[in-house]
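Down below is the structure, laid out as structure tokens.
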Amino acid sequence: MSTTSGTGGVSYRNGTQRSSLRTQSSASTSSGGQKASVKSKSVLRKSSPAALGGGSSKSGGGGDAGVPGRVRVAVRLRPRNGEELIADADFADCVELQPELKRLKLRKNNWDTDTFEFDEVLTEYASQKRVYEVVAKPVVEGVLDGYNGTIMAYGQTGTGKTYTLGQLGEEDVADRGIMVRAMEDILAEVSLETDSISVSYLQLYMETVQDLLDPSNDNIAIVEDPKNGDVSLPGATLVEIRDQQSFLELLQLGEAHRFAANTKLNTESSRSHAILMVNVRRSMKTRDGLSSESNGNSHMTKSLKPPVVRKGKLVVVDLAGSERINKSGSEGHTLEEAKSINLSLSALGKCINALAENSSHVPFRDSKLTRLLRDSFGGTARTSLVITIGPSPRHRGETTSTIMFGQRAMKVENMVKIKEEFDYKSLSRRLEVQLDNLIEENERQQKAFVDEIERITVEAHNQISEAEKRYANALEDEKLRYQNDYMESIKKLEENWSKNQKKLAAERLALGEKNGLDITSNGNRSIAPALEEVSELKKLLQKEAQSKMAAEEEVNRLKHQLNEFKKVEASGNSEIMRLHKMLENETQQKEKLEGEIATLHSQLLQLSLTADETRRNLEQHGSEKTSGARDSLMSQLRLPQIQDPGNAEKPPVARLFEQVGLQKILSLLEAEDADVRIHAVKVVANLAAEEANQQQIVEAGGLTSLLMLLKNTEDETIHRVAAGAIANLAMNETNQELIMDQGGIGLLSSTAANAEDPQTLRMVAGAIANLCGNDKLQTKLRSEGGIAALLGMVRCGHPDVLAQVARGIANFAKCESRASTQGTKRGKSLLIEDGALSWIVQNAKTETAAIRRHIELALCHLAQHEGNAKEMVKEGAMWELVRISRDCSREDIRSLAHRTLTSSPTFLTELRRLRVDIR
């Protein structure tokens, strides 16, 4: 951009880089002598020190209750430019910074100085990275967690506000401003698959809101929600950001459209307030979701929990610089711009004064700037303000005004709220997809069912028809064959009989001519063969009769088989009827399911309406008590804080313990609602962390209840918290024996075998590790699977889990070493018998310090018992002891390893054999 005069007219930025805060040359001005000789009267303005941009801790209750958070203010000094180095060479500095004390001294004259204290004091040498980390990074982290956040720069024109916020760093990446660095952090933390980032870039020019991304949109209306007072700009361009490069291009486009002018104080003075709005929408990962079809409709109805969405909004405001007309030389249209800028900044100052003085009326509606920043001052956003000042004594009045603005802003308290809501739209879409899948699957199954019935019916009919034809043909053929055989046999018999009769008659006639005696004797001799032949014919006749009977029996058998096939056909028809009936039942079931699905849709709509109504009520009336054990418990957590301000120094769990009572808390461990049980277990675990509460918890049956939770529940969250509570109780020797007597080691081992979450395994391993430190429980701990459970948890590979496993092994080895020294332990270590030595040797050189330290101690304790020496030599543990005695970072462990090696005959013999010197 080029201008022709110091009071040049308005122009647009073309995207070129602004002049740097850094000067090409620096002149060291020494005012030490003056300061030493002048006794200054200083007035110290104090504020409570806290981390810049923070506020209190995050709200964990879904965003309904706010958390107080003061506006955080940092001051940044601009280096002298070339003109000031020449013009102010004879003048002492009017500003003295004390960054280590977070103080600023403003010299009024040679005798008086005012001292101010800020949340952060940034010298002229402070890098852009440091400015971002102390001013903006906490606010950006809060936005990622669902809070609204505001970062704003205020100061005289030409003091580096735009450089601090909007520098792109095209020539030097170290010059990147807060806008660029904030987007880098946001993109690094979100997942673009499930989360979204959208950006609007606006300017407030002459009391009109204009879109820097669309210059034609030059009068955007400000809309306020009458219910909660939220301010929105529905007419602004909203651009979704997917990568850093697109965001930089967007900033360049906006800077090119922003109004700027050449004045006496700044060659490129901003004539409008620039506002960057970044909306971050994040889906929170939960364990609850829709159940599968196999779990049944009733269970699916109970587990309909919508996903949680957190919405955070980051507002970065680059205010136009305040200026005095006689110094800036503004005239004409530039003068009108300066008046508008000063009026809006004056309105902002009035609002901050009213908030700092707790006035009943805050004039937010006096200016569009204050309407846009309503949530930033006295609202629900985390706000960080950086005020920029110059070193020149010529502008002492403007510098004083800027400092006093920052001091008043530090008195403003915001109520920080998390923006969290249920994503009913996502749940509805997911239910619709599941409903469509169920309908398609039902149609496919019904079609396959009908096709299978038709196939079975056709196949049965074909088989029956084929069987009937086959057996009918066989019966007819067999019948004809037997009839033919029978007729042929009868015919043969009749022919033989006729021949025999004729032969017999001829013989009788021939013999009749002889005398009577001869005839009689001869006749008897000839009749005998005929009688024999007749008897043979009778036998043949009997055989034929038997054959006929057999044929009839075969016919009857075939008829019986035919009847059987007809019965099979009848049963097939009955099966077909049954399948048809089943099909009708399935159709009715489908209609019933569709009705239930419609009911679920109506319930979902009712849930949405109820949730909206509840959210509105909470926004209007604050956090009220609701029904149910969980809300009762959470209300009891908050109630002591409201009723008894004197308990502010006590932890929340201790106040809950005094107000509610241990028995009431333990009774909630048996509640039907899983969330109530989880909250109750967390409270018991926090109480168990205090040694003073452990005896009361055990006497009230808390230990038994925790063990029953491990036994009777399958929720891994409950397992994790319950195991942590048991680990806290297991730090006491008396409680350790009670845990063993009540079967606690078996329940912990079972939980470890079924758990997959590293944090659950870490809690279980910590509990077993505490039990391993008891001398009296060694044998019982091993027999009930405690050592095996510890070694089984190394499958996880998580460093925290492995550290607890190593600690348990070290405790166990220490107890064995003590027993061996006292003469009550003989034979090999139980750890070596269970195969722990190989794992110890494999992980002795691990990079994780906590794991390595416990393993080194375990090796030293195992080596102190001579009965373990041969196994340790065989497994290579001796070489690890040699390494520990030489390279261990801890002197006590190194000395213990050396003393163990030199006192063991087995190790000394092996080392001499290998010619290894350990001196």
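We count from 1, first residue shown onward.
Every residue, even glycine, has its Cβ placed from backbone N, Cα and C.
What Swiss-Prot records for GLY155, GLN156, THR157, GLY158, THR159, GLY160, LYS161, THR162 is ATP binding site. Feature annotation from Swiss-Prot assigns compositional bias 'Low complexity' to 15-51. The annotation domain 'Kinesin motor' is assigned in Swiss-Prot to 70-412 on the grounds of sequence analysis. What Swiss-Prot lists as region 'Disordered' is 1-68, 286-305. Look at Swiss-Prot and you will find 650-689 tagged as repeat 'ARM 1'. Residues or ranges marked as repeat 'ARM 4' by Swiss-Prot: 775-814. According to Swiss-Prot, the motif 'D-BOX' annotation covers 382-390.
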Long-range environment of the repeat 'ARM 4' (775-814) - Cβ separation under 8 angstroms, sequence gap at least 6: 736-737, 740, 743, 745-746, 748-749, 752-753, 758-759, 761-762, 764-766, 768-769, 829-831, 834-836, 839-840, 843, 846, 848, 850-851, 854-855, 857-858, 861-862
Structural state census, the repeat 'ARM 4' (775-814) (DSSP three-state): 35 helix, 0 strand, 5 coil
C-beta crowding around GLY160 (ATP binding site), within 10 angstroms: 26
For GLY160 (ATP binding site): DSSP state (helix, strand, coil): coil
For the domain 'Kinesin motor' (70-412), mean pLDDT (0 to 100): 86
